[in-house]
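Straight from Swiss-Prot, the features:
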| type | residues | note |
| --- | --- | --- |
| ACT_SITE | H117 | active site, pros-phosphohistidine intermediate |
| BINDING | K10, F58, R86, T92, R104, N114 | ATP binding site |
Amino acid sequence: MTERTLVLIKPDGVQRRLIGEIISRIEAKGLAIVALELKNVGDDTARAHYAEHEGKPFFASLLEFITSGPVVAAVLEGPRAIAAFRQLAGGTDPVEKAIPGTIRGDLGLETQFNLVHGSDSPDSAAREIALWFPGL
């Protein structure tokens, strides 16, 4: 089933100049990039994107990190795009859970600085795409 997902290359991925490497892996996986933009993330967008984590102990540091520098926001499309990208990204903890061959397993340094975000469900993808690409 063809679906869409939102992917963010987080500030650590942009700062470390890994955009090309990450996009190459996305394209090699067979996912199409239907929208892509380098963006500075404002507080309102960050809060809306991470609303499910509000009230958790790490919420403030999450907002601080995602607004610390530009991100690459992209919409990917393809068969089972959500699961396909999440498999490509690897576990959220790059050191302990992400396996070699994944973006985080090969390139990630620590849990908060784990390079990429990918939508985790069709509902999240729809909400996140509407937030980051309102006209799409």
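Every residue gets a Cβ built from N, Cα and C, even glycine.
Neighbour list (H117 (active site, pros-phosphohistidine intermediate), Cβ cut-off 8 Å, at least 6 residues apart, same chain): L6, V7, L8, K10. Per-site Cβ counts within 10 Å over the binding-site residues T92, N114 peak at N114. Between the binding-site residues K10, R86, R104, the minimum number of other C-beta atoms within 10 Å of a residue's C-beta occurs at R86. Binding of ATP is attributed in the record to K10, F58, R86, T92, R104, N114, and the widest Cα separation among these residues amounts to 22 Å.
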